[in-house]
DNA sequence: AGCGCTATCTACCAAACGGTAGATAACCTA
DNA sequence: TAGGTTATCTACCGTTTGGTAGATAGCGCT
């Protein structure tokens, strides 16, 4: 476990980014409970103590991982709905969202594994996921408002299908995510 | 943590059942990784050593929990498809399944939490869930075979929706599971 | 070149973990 | 009521865990 070129010193921002990226991969694979401080550190060639210089505790690292993905991901989607969009543009936005997720399997897995783990009210990310779900649903509802007869139920419908499809896709990569989505969307956006 | 009436001795089968029931609740709440041997034991008023008299290891307890639920649950559904059923009976069977799940929230949560946790190939229940998913999908496909134009894709569709709806229902009990399901079924079984 | 800053390391700790060994006590039968 | 069976307990062990204290070394600045 000793790093090859002795000691590797990086500027703060750079090392932080490296740690967060590695942590994302690890949590996606084994959940938060499944990864130790030692493992997080080793994944970027340092020691526990070295890592704790950047994040004061294991839990703080988790929060940082989540917040990083939010700023990187959620903001991209939110911009496009200045006027409430019609069915066609709503579908286009959603399809873009799906395609982007498809390209980042480990990220999808991070959120899936972690959000299930965080159903436990004692989990450090419990509050985070509650908030995120509500905000996501509210945002989606605004997308559907202009043209769908029952935006509330439809939002639940769409999110449930996407979450479930992701889950099954992660379990069995024989599933053609894109095809299943497009077929669902054909029906969903026809109404 | 000392049990009130000194020592409580139970016949083997009875104690086993009590342990499994308590373990199911605990795992549903916090996942398998989230519960210690001590916690499993304390939940039925005994010590670690006492519990290990009935299950040789923590992992063996997990397997027992899963197998118990299978014999109790999966067999009930499987019986009804001697001839490949038509759309109406297929829907009736599925609706029964949904209603039964609705009445046992903690059981649903057990499977949801655990199956996400077990996406990790190193998880002790990983193989179990892979097998279970494949069998479940194959069974559902047989239900759809007689009347649906594309049973394979439809089976994925239905399971994805149900899994996702369960997940969101667990996250936010404001969701009306039954209503969402019936609306989805109206569309699904109309084809 | 030399100095200060700080990113990183080595060494350590207390607590919690899964599991084991051997003593103890509750029930069943004679 | 005595004795055997076994479910349960107390006490312990070795390992792993998250986290801390203090030493060390790489980098930027003058």
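Backbone N, Cα and C atoms are what each Cβ position is placed from, and that goes for glycine too.
Sequence annotations record features per position, and here TrEMBL assigns domain 'HTH tetR-type' to A:13-73. The residues of the domain 'HTH tetR-type' (A:13-73), classed with DSSP into helix (H, G, I), strand (E, B) and coil, number 48 helix, 0 strand, 13 coil.
Marked as DNA-binding region by TrEMBL: A:36-55. Away from its own ends, the DNA-binding region (A:36-55) comes close to residues 1, 3, 8, 12, 15-16, 18-19, 22-23, 25-26, 61, 64 of its chain (Cβ-Cβ under 8 Å, at least six residues beyond either end).
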